[in-house]
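Engineer: Feature annotation from TrEMBL assigns signal peptide to 1-24. Summarising the annotation, TrEMBL assigns transmembrane segment to 224-252, 264-284, 316-340, 361-386, 392-410, 431-453.
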Amino acid sequence: MTFFAPRTLCQALLVAVFTAYLYACPHSKVEESFQLQATHDMYYYGVRPAFASLFSDNNRIRGTSAALAAAGSAPYDHLQYPGVVPRTFVGPLLLAAMCHACRLVLLPWGWDLSHHPWLLQLLARFLLLTLHAHAWFRMARAVDVRLRNYPPRQRTSSSPTTAPTRMGNYLLLISACQFHVPFYASRMLPNVFATVVCLHVYSDWLRAPVQPSSVGPHAAIRKAAIGLVTATGVFRCDLILLLLTVGLSWLWQRQLTVRQALRIGVATGIVILCVTVPIDSLLWQQVTLVWPEGQVFYYNTLLNKSSDWGVSAWHWYWTSALPKAMLLTALLVPLSILRLPEKLDYWERHLRFPPTTPSEVAISWLDQSWAPFLWPAFGFVALYSGLGHKEMRFLFPVLPLLNLAAAIGMDRLHKAALPRKDKPATKTARLAYWGGMAAVAVTLVGSVAFTAVSQSNYPGGEALERLARHVGLSHVEYGTVRVHIDVASAMTGVSLFGQRAASQSTPGVEWIFDKSGYEEENNKVSNSSTYTHMLSESKVPLPGFHTIDAARGQPRLCLREFRIETHDTIFVFEKEGWSTV
């Protein structure tokens, strides 16, 4: 395979777009906060402080607020700011271990990643990006396998079983041209970790034979079931809805029986609980066992506390989220089931070249060969629509299946537009194909516009960088910089990696960061005299402070003027007389 082969180009495009989004928007927001801060702590501190705190004399007796009680003994951010419900450390531990492996590789060349925290944050996100890209590549190869082997009539003797297919190429191309798939590929959300696992689940599912087995589930179906249960129990409990819809598809296709499903589910659940619960209980510094996704399910679903974060209409996923996620490529999804391109081609041929024999069979409207992979995605969205609180990221695990549907539709347009041995391609088929390609191109243009807007969504991280540059230029050779970070700043880009990078940018100056009020979302500063600088969304500085800079945010796309409008969002305050700059 040459570099200019279509599959290689599609893979390179996907990785390039993933990386471009990482470079364009290097900061993070509050949804990624726990995973990012935990990755920092696991890399720099590891689990040793958790063991030391667990067995220390002053922390032997704890109640329900054990995490807060242990805040002074373990240097973990999540103990000081635990959030509403706990989250798992499996993802952060994996990324921290991969970062350590990269550090060991670079150490012989005199390059220590620990001294470059900002680069380390980008590396951790890039490693997650590579896991994501590899999962997409594997799903595209699984599409190739299914097209070549199931059903056998689609396979020709001249085509090798390992050759990439056009549909797999379109899957990668469509995913690269959308916004949300590449933009969030490197973002440390539980939904993103779950999506990576789900991509491998779909890959195994696509490789499974269509015909049921009389001796038990196929190995590919067994692996897919184990992966889906793992993603549900470790990363996102809401995937239980996907487990239900996909499981029904397996049962309907007789690829799995109820007894086999229960056996796999119970065994996998016991294993993942035995592995993850001790890890999370240790790092959350609690004597009682901690199963994060179990608590999330109880809090958000059974108690319906997720509605406290806002409620959307039942149709929001269908009328807003999915159209925004897929843009014009959503128009290709119905073509995965409807044979509209073949119908148009058939009608034009019969108008131009009337059939000579009346026995010619007309083309049916429906093609259900891919339906088992598509209905579970629609069922997941329909079931999730019953929950009042809705967010785009909740749909990430099923976007690969919807993109597969779009790729099937695009492949159908392409196939109809190809000339045959005895008949040339019709004008209608060619026009429909170029209409599909135009939809993909317009989606890419829309994604670029979304990216331009998203670059201004992280004023907190930008404000911290500006403060670090200002302190570096100040005539202060030694001393202490005490920075108060308000809620808006902490939620829009300030991270532990950024704080450590600011501290290391000015040797001889000690940096102390304080996020008092963050957990209560209270921006009131009780004793401003103890701070030398502040990052605040308030435009008016406190008495004794003056404004030295401001980071712009709150972007809005002005289509008439074809520009992005931003406003001063996070202000950098400095104590009067602190520096001579």
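All residue numbers here begin at 1 and follow the chain in the order shown.
Glycine is no exception: its Cβ is also placed from the backbone N, Cα and C atoms.
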Engineer: Would you call the transmembrane segment (224-252) and the transmembrane segment (316-340) in contact, using three or more Cβ pairs under 8 Å, pairs 6 or more apart in sequence?
Structural biologist: no
Engineer: Looking at the stretches 264-284, 316-340, 392-410, 431-453, which one shares the most CB pairs under 8 Å with the transmembrane segment (361-386)?
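Structural biologist: Answer, by Cβ pair count: 316-340.
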Engineer: For the signal peptide (1-24), give me same-chain residues lying six or more residues beyond its boundaries with a C-beta closer than 8 angstroms to one of its C-beta atoms, as numbers and ranges.
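Structural biologist: Residues 122, 125-126, 129, 132-133, 136-137, 140, 164, 166, 168-169, 172-173, 175-177, 182-183, 185-186, 451, 454-455.
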Engineer: Determine which residues of the chain contact the transmembrane segment (392-410) at the Cβ level, with the cut-off under 8 Å and only residues 6 or more beyond its ends counted.
Structural biologist: 31, 136, 139, 143, 167-168, 170-171, 174-175, 178, 180-181, 184, 189, 191-192, 194-195, 198-199, 202, 231, 236, 238-239, 242, 317, 321-322, 324-326, 329-330, 332-336, 370, 373-374, 376-377, 380-381, 384, 436-437, 440
